[in-house]
């Protein structure tokens, strides 16, 4: 594994001599705009592995994306290689339809300590709840970013991530009926503690999420990528493109339903992904991602 090959994959040509916040932010932003959050392996007959070498080969050499346990594992390797103090953490994702957090840890994120300050670095959440910058680990402080206002709230050692959303302008609204468009203002994202984790602790969950019949990732094919001004996502056959703060503190949401014959071209042109095996899209879950 070669850090310069990783930098080429994410199109990063900046300095990396000093492990400071500015460099961390630039590398992070290049990563999320180059490496999709995706679970396409599940839907084209591949297994998602947690071994770092396999993840590196998939994302860096095959120019694929991955989900949290792949993206953030690779990102942790890159940051550690550059001299950053990185700790793996585990989170439970909020499920709006159930008004509850997951029963088990199902999300991997990173804590980076810089000059006695702790930051959460999460390059593997995807969609419209993807952070665009490292977030200082401080409770109750609004931290505005391009996607919206994020904040942490800490209670008895448990940290909660929330996002304050803008209103959304959806020109072709008839194509879209996610339950939360234009309805939620503040959305819970996930909870976590500061207990250090090892990648081995995620193996059982990694297997469960790609094999359980009721898993969101089994019932939805997902590919999302952050763009310079927003995010695009292909969920099943639905292509959603969001431009943040399009006008009057509103996000522009454009939605199109694709035909089967458009999928391969869309993955290549919109996400720079070429799959080795036949991809079978699916979207049978009622759980929303926006």
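Please read every residue number as a count from 1 along the shown chain.
Even glycines carry a Cβ here, placed using N, Cα and C.
Mapped onto three states, the DSSP output places residue 68 (active site, acyl-thioester intermediate) in helix. Positions annotated as active site, acyl-thioester intermediate by Swiss-Prot: 68.
Taken from Swiss-Prot, the feature active site applies to 107 (among others). Residue 107 (active site) counts 23 other C-beta atoms within 10 Å of its own C-beta, drawing on all protein chains shown.
The feature active site is assigned by Swiss-Prot to 122 (among others), with similarity to another entry given as support. In the shown protein chains, 28 other C-beta atoms lie within 10 A of the C-beta of residue 122 (active site).
DSSP assigns residue 122 (active site) to coil, not to a helix or a strand. If you measure from the Cα atom of residue 107 (active site) to that of residue 68 (active site, acyl-thioester intermediate), you get 6 Å. In this structure, residue 107 (active site) is part of a beta strand by DSSP. On a Cα basis, residue 68 (active site, acyl-thioester intermediate) lies 8 Å away from residue 122 (active site). Cβ environment of residue 68 (active site, acyl-thioester intermediate): 37, 107, 108, 109, 122, 124, 125 lie under 8 Å away, each six or more residues apart in the same chain.
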